[in-house]
């Protein structure tokens, strides 16, 4: 009887369940979208119960549609949209407020106040993160401050906090396990990444009671079992958890110090495994935990690009220059260059290494001869320039020259982007056969814990290269193009509307 690992990939717009066999191949996929809530400008929220029902639905569907029995599931791995915050009543199981999503800016005033009080460096030193609404800690404080009676309930021990992984494990285990893993804990602004425990000083600054917080566990461990009524009467081990970007790093088999992966999703996320060393960044990168496994924690440097694949959606839906995302490749390759056009897609500001929230998108170098093809090509190239910005920051901070870049996410199907990426960073770009690396990483973590795979070496054999893109551009051309990009970014930052 063939066994499988069931991976739950709980994302920002949809929940998916993916079955993996022992070769790391996909045996079935189910997906369900759920509603986004925007109660005020800049606020983004989800209904945590709706997320839970979407996860139940895709688990059921992937098993039923692929003629798999529940007793063929060797273990469950969970990967999740990071930072999104749920606070719920531990007796009723009901959330006391919507889940506040990682994108939501509703805690800006809390962050500003803590900065004004001089605590930014304290948070940076202990957590490796910036004091930003992106992370979970200020979201918990906001809920406790703004939901009537919440603070009193929390102090009485009646409320629980969790990121989405914690919420799902608690529900799947029938309220038995209130846990998170090192990678998710490291995104809360409340976890000391050096001492590997919740930090009392930070909790005091955020006024968050410690009794709300989950127990922090390794990323690969049996945390509990599914309660029988949620899983066809079976008690299946819940055995792997990691935040989405860290799961992708693991799914790309980036196990060695200096290994790097880049995800081209709605935004872009680059992570470098820095081994057992938490590298302090001087270049606007985040220091975070990659994963904890076998009693050992691996750290990572992370760079965030706010607009990556969403720039292609903008070409399609906003400007109507293309009918489908793949069409952008054929337009881009009809011309040999952009003829000096640069697109800086700072629609919501600039991420690493600039961290300029006030910058807005700009286009430079237009002439009467500029055509649609040049514009589309310049937009695609912007993904690659931003990636080089992050990679240079990583090399500078870590002292490691990146030897190859493993890639995943929707935009990696675009061969033009992959080749230009290799050219502009002067590094080989490796596209894997299985591009569902986030879900695969969660499956690998769960599989290790239940003995489905024996070791990381065993897993690395399952990583297969689909195509390698080697740099072909000469150095003079590469540096000239990149200098133009840096000038365009500088001009974008100078021009700001009031």
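Glycine is treated like the rest: Cβ placed from N, Cα and C.
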82, 83, 134, 244 bind sn-glycerol 3-phosphate per Swiss-Prot; candidate in 12, 13, 287 listed for that same site = 12
Smallest Cα-Cα separation from residue 16 (ADP binding site) among the recorded positions 82, 83, 230, 244, 245 is shown by 244
What remains of the recorded positions 13, 14, 82, 83, 230, 266 once a 10 Å Cα-Cα cut-off to residue 245 (glycerol binding site) is applied is 82
Which value in Å gives the longest Cα to Cα span across the ATP site residues 12, 13, 14, 266, 309, 313, 410 as recorded?
-> 17
Would you find the one among the binding-site residues 12, 14, 313 whose Cβ has the most company, meaning other Cβ atoms within 10 Å?
-> 12
Among the binding-site residues listed as 12, 13, 266, 309, 414, the Cα nearest the Cα of residue 134 (sn-glycerol 3-phosphate binding site) belongs to 12
Please find which two of 82, 83, 134, 244, 245 have the most distant C-alpha atoms, given that the record lists them as binding glycerol, and give only that distance in angstrom, rounded to a whole number.
-> 15
Roughly how many Å separate the Cα of residue 309 (ADP binding site) from that of residue 244 (sn-glycerol 3-phosphate binding site), to the nearest whole number?
-> 16
